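> The following block contains the structure, expressed as structure tokens.
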Amino acid sequence: MTSITIQPKKLKGTIAVPTSKSLAHREIIAASLAPGQSIISNVSMSDDITATIEGMKALGALIKEEDGKLYITGALTNGLSNASIDCHESGSTLRFLIPISLIHDNYVHFTGQGKLGSRPLDVYYKIFDSQKIVYLYRENALDLYLMGYLKPGRFEVPGNVSSQFITGLLFALPRLEGDSDIVLTSPLESSGYIDLTLDVLKEYGIQIEQTEDGYHVPGNQVYQAQKSSVEGDFSQAAFYLVADILGNDITITNLNMDTHQGDKAIVEILERMGAKLIQTEEGYKMTADKLVATDVDASNCPDIIPVLSLAMALAEGTSHITNAGRLRIKECDRLHAICEELKAMNVDVTEYEDAITIVGRKDLTGVRLSSYNDHRMAMMGAIAATVTKEPVSIDNRECVSKSYPEFFNDYVKLGGEVE
Ligand SMILES: O=C(O)C1=C[C@@H](OP(=O)(O)O)[C@@H](O)[C@H](O)C1
Ligand SMILES: C=C(OP(=O)(O)O)C(=O)O
């Protein structure tokens with residue numbers, strides 16, 4: 001684990017952000033479930049995406065990478081087989097692949113690292129109990145054995161723990177031999193991610209009907225192989241757009257402003273804070289003469305909150321982030337980590353159970369920060385170093401490889417000074 005020290009320096013230049021991790025997971029899974037060959041272009045590799053590729057291979061898909069494209073032949077085996085899947089630290093891989101691994105009678109072993117073993121899975125355990133699927137796990141370590149298969153029927157799922165459970169079920173249920181209903185027992189959060197799932201399912205020929213309280217999923221459906229391409233990631237773009245409004249000058253070359261990615265909300269939130277979106281020949285950037293505080297409901301855009309909190313720390317007035325409880329069950333307790341990082345940089349911040357209040361100030365103090373082994377916290381620290389007077393140190397720089405292995409190389413290409 002390597003620590004880095006970043007000298008306070010502004011960034012300038014053009015950058016293509018990694019392509020959407022959320023869309024890449026979904027494309028790889030849908031293609032792996034489709035008989036025939038699919039070709040997916042523009043997949044940015046990261047530890048999480050590697051975990052999904054290896055997981056789908058373990059479940060029978062043939063996947064090879066050539067000339068920057070993924071060639072995927074869906075080949076899920078029928079009948080009892082067994083598979084071992086290492087999810088690394090990817091919540092998406094784990095929660096998407098669990099129901100998929102149970103489309104057929106199977107014996108599967110899921111492992112993972114970091115905090116993944118303590119992120120919630122009870123929603124699935126309840127389903128296993130009611131469907132007599134055998135499961136064995138160790139507390140706080142991801143070491144989960146599953147034996148059995150999913151039966152079509154009624155699946156009651158809370159909407160406010162993680163949308164990833166619903167996505168996992170939406171992928172698996174169309175392949176069962178009967179119709180199913182997913183019934184949401186509490187309001188849906190992270191709904192933009194379900195929209196992405198529904199988009200990809202539709203692209204692969206799968207029909208899902210939205211109901212008053214969830215989704216009706218006809219069974220016996222067949223995924224149709226596709227040729228597809230993945231667009232730029234707004235969760236990653238958020239780091240550079242916030243950097244822009246803090247006085248850097250970075251143009252992003254690969255953003256689709258018509259995207260359905262929920263994290264595009266970053267643009268509208270920063271505009272509310274006084275920023276302007278500028279389209280140039282090369283792409284998009286943002287500028288701001290002055291930043292004002294704002295209030296943000298985090299329930300539909302949890303991943304942009306770390307870097308957004310930095311913009312709030314430098315805005316005039318007091319900002320409130322609400323409905324942010326689920327940030328505590330990400331790669332680290334992000335709600336607490338954000339507050340600790342901002343406090344370390346001299347910001348007046350108050351942590352509540354599911355909210356944060358940030359009193360804006362004119363500057364930030366450069367200090368030693370912890371990454372909390374969380375890619376988004378490490379990248380937030382690096383953007384902070386573009387506005388401090390003193391250097392910022394961050395431990396465990398490698399953690400960015402979860403979503404953006406090239407982050408510090410790109411940072412240096414943009415003029416950053418990293419030791
Ligand atoms: O479906 C997805 O691709 C994701 C859903 C979100 O999780 P929750 O639904 O658990 O909030 C998000 O935080 C995660 O990074 C990716
Ligand atoms: C929370 C994240 O991903 P996952 O839930 O897939 O681990 C993330 O990328 O910030």
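From the backbone N, Cα and C atoms, a Cβ is placed for every residue, glycine too.
TrEMBL does not curate its annotations; it predicts them automatically.
Keep in mind the model is a prediction, meaning the values are calculated, not measured.
According to TrEMBL, the feature active site, proton acceptor maps to Asp303. The annotation phosphoenolpyruvate binding site is assigned in TrEMBL to Lys21, Gly91, Arg119, Gln164, Arg334, Arg376, Lys402. Annotated 3-phosphoshikimate binding site per TrEMBL: Lys21, Ser22, Arg26, Ser162, Ser163, Gln164, Ser190, Asp303, Lys330, in sequence order. Residues annotated as domain 'Enolpyruvate transferase' in TrEMBL: 7-409.
Provide an account of the burial state, proximal residues and distances for the features listed.
In the structure as shown, the Cβ atom of Asp303 (active site, proton acceptor) sits within 10 Å of 26 other Cβ atoms.
For Gln164 (phosphoenolpyruvate binding site), the number of other Cβ atoms no farther than 10 Å from its own Cβ, over all displayed protein chains, is 25.
In the three-state DSSP classification, Ser190 (3-phosphoshikimate binding site) falls within coil. Non-local contacts of Ser190 (3-phosphoshikimate binding site) by the CB criterion (under 8 A, 6+ apart in sequence, same chain) comprise Ser162, Ser163, Gly262, Ser299, Asn300, Pro302, Arg326.
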> Could you state the whole-number distance in Å separating the C-alpha atoms of Gln164 (phosphoenolpyruvate binding site) and Asp303 (active site, proton acceptor)?
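So the alpha carbons of Gln164 (phosphoenolpyruvate binding site) and Asp303 (active site, proton acceptor) sit roughly 14 Å from each other.
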> Please check each of the binding-site residues Ser190, Arg334, Arg376 and report the ones with a CB atom less than 6 Å from an atom of ligand 1, ordered along the sequence.
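With ligand 1 as the reference and 6 Å as the Cβ limit, the list reads Ser190.
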> Give me the non-local Cβ neighbours of Lys402 (phosphoenolpyruvate binding site): same chain, 6+ apart in sequence, Cβ-Cβ under 8 Å, ordered along the sequence.
Ser46, Asp47, Asp48, His88, Glu89, Ser90, Glu331, His375
> Rank the binding-site residues Arg26, Arg119, Lys330, Arg334, Arg376 by the number of other Cβ atoms within 10 Å of each Cβ and report the first-ranked residue.
Arg376
> Return the members of Ser163, Ser190, Asp303, Arg334 (the recorded positions) with CB less than 6 angstroms from at least one atom of ligand 2, or none.
Asp303
> Pull out the binding-site residues from the set Lys21, Arg26, Gly91, Arg119, Lys330, Arg376 whose C-alpha sits within 10 Å of the C-alpha of Asp303 (active site, proton acceptor).
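Lys330, Arg376, listed in sequence order.
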> Which whole number of Å gives the largest C-alpha distance between any two of Lys21, Ser22, Arg26, Ser162, Ser163, Gln164, Ser190, Asp303, Lys330, the residues noted as binding 3-phosphoshikimate?
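It comes out at 19 Å between the most distant Cα atoms.
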